[in-house]
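Features as listed in TrEMBL:
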- 19-120: domain 'Serine hydroxymethyltransferase-like' (DOMAIN)
- 153-426: domain 'Serine hydroxymethyltransferase-like' (DOMAIN)
- Leu161, Gly165, His166, Leu167: (6S)-5,6,7,8-tetrahydrofolate binding site (BINDING)
- His272: site 'Plays an important role in substrate specificity' (SITE)
- Lys273: N6-(pyridoxal phosphate)lysine (MOD_RES)
Amino acid sequence: MSRNAESTAFRSALEVIRAVEPRVADAIGAELTDQRESLKLIASENYASPATLLAMGNWFSDKYAEGTVGRRFYAGCQNVDTVEALAAEHARELFGAAHAYVQPHSGIDANLVAFWAVLADRVESPALKKAQVRQVNDLTEADWFALRRELGNQRMLGMSLDAGGHLTHGFRPNISGKMFDQRSYGTDPATGLIDYDRVAEAAREFKPLILVGGYSAYPRKVNFRILREIADSVGATFMVDMAHFAGLVAGKVFTGDFDPVPHAHIVTTTTHKSLRGPRGGMVLCQPELADQVDRGCPMVLGGPLPHVMAAKAVALAEARRPDFADYAQRIVDNAQALAEGLLSRGATLVTGGTDNHLVLIDVSGYGLTGRQAEQALLDSGIVTNRNSVPQDPNGAWYTSGIRIGTPALTTRGLGTAEMDQTAELIHTVLTQTTAGANADGTPSKAKYNLDAGLADKIARQATDLLATYPLYPGIDLS
Ligand code: PLP
């Protein structure tokens, strides 16, 4: 699409919106300005293409389409069928998966679909078979009661939260923790790396129904072949949540033992992080789980979002182009340059570096909590998020870590030289910030001191760094 066409499309859309509720049009415009001006290092965010964004803003949003392609509970779904089938085909081809389900509205929803597909396959189906009935409505009250108890009595083993796992991998505040009896595997305190022998030991002791691989804040590759062997050795279903690193799998940076798709029974992902698509989720699986996965809606999902499935099809088509592999490699090159820039200036990094898209800084070395560091960086125009580090003494709210990632800045075109400059800006802010005190003089985990003039200066330097790499260069709203 020409730059003119992009500008015309977005300007016209805003004009139409402005005629109804100008404050919404203004907020949309302001969001573009904010995104253009901030040095976005949030590891889970990216910038979707104009084509992906435009595919979401249309009348597909008006259509109900419960069910799956060709098997809908609603009439008139032929065009939804087209985009859903396209998105699934692109996903299968891109990841080499046997089956793809593109309806989940988010990563959490994709995980719920996966959990219930495994529970249906491994717990519900055998119970129906034993009772010699076809479906749950045919069970006696007593058999139904027993099955519900059994469904609620299953075990999951996943990576601990402070080692980088995700809340949806069986933790109590999330519904997954209320559904499953959960145990965690952590990382080696000395190296920060996954200790596969310890995972195997935990699996032997706990005998989970599901072994979960995948993370939100682990800066290293994971060997999925070994995790599958562990799952097999205890009869567990092996599930991988690749929400964070799907773009690196799509771009063939993670191959062989580090590509989850050939090893896992079921793989979930978001589509909006390193994969650079619309906000949403997806499930890939082996053929034996396909029927159960396809029951995601209305089992745990509300009606599918056809406009988002259309955008998924566009983004997945983009990810199948050769330049996406180049993009994925640059994400990792940039993360490594950022890590080296920070290390050479004296920062402490969890695991001492990275081989994916993210870097986890232990900011206790700067005398700060994650909360203080996050706010000081934000004051200086650098957007990051605080994150626990392994065995974090400050808990999940204040934390001792800052997680930074490169997918978004890499999309803008920044390279390794700019990553070194970014490391300099981050290091300057963190060394110049000091922990604050509460009114009674006790140390605060939230308050901090940073000279406002210095914060402004860094923010200007961050803006200068971005000036050469305009975001959405084809879109001019003025
Ligand atoms: N799984 C992992 C590993 C994640 O990091 C996240 C989001 O941060 C999710 C699932 C949830 O994704 P969503 O916010 O789309 O529900």
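Cβ coordinates are placed from backbone N, Cα and C, and glycine is handled just like the others.
Per-residue confidence over the domain 'Serine hydroxymethyltransferase-like' (153-426) averages out at a pLDDT of 97. Checking the binding-site residues Gly165, His166, Leu167 against ligand 1 with a 6 Å cutoff on the Cβ atom leaves His166, in sequence order. Listed in chain order, the residues near the (6S)-5,6,7,8-tetrahydrofolate site other than Leu161, Gly165, His166, Leu167 are Gly158, Met159, Ser160, Gly164, Thr168, His169, Phe171, Tyr215, Ser216, each with its Cβ within 8 Å of the site Cβ centroid.
Around the Cβ of Leu167 ((6S)-5,6,7,8-tetrahydrofolate binding site), the number of neighbouring Cβ atoms within 10 Å comes to 17. In sequence order, Gly158, Met159, Phe171, Ser184, Val212, Gly214, Tyr215, Ser216, Tyr218 are the residues of the chain that are 6 or more apart from Gly165 ((6S)-5,6,7,8-tetrahydrofolate binding site) and have a CB within less than 8 Å of its CB. For the recorded positions His166, Lys273, counting C-beta atoms within 10 A of each C-beta gives the highest total at Lys273. Secondary structure counts, DSSP: the domain 'Serine hydroxymethyltransferase-like' (19-120) has 61 helix, 9 strand, 32 coil. Each residue contributes its Cα atom, and for His272 (site 'Plays an important role in substrate specificity') and His166 ((6S)-5,6,7,8-tetrahydrofolate binding site) those atoms are 16 Å apart. The shortest Cα-Cα distance between Lys273 (N6-(pyridoxal phosphate)lysine) and any of the binding-site residues Leu161, His166, Leu167 is the one to His166. According to its DSSP assignment, Gly165 ((6S)-5,6,7,8-tetrahydrofolate binding site) is coil.
Leu161 ((6S)-5,6,7,8-tetrahydrofolate binding site) has a Cβ environment of 22 other Cβ atoms inside 10 Å.
His272 (site 'Plays an important role in substrate specificity'): 26 other CB atoms within 10 A of its CB, across all protein chains.
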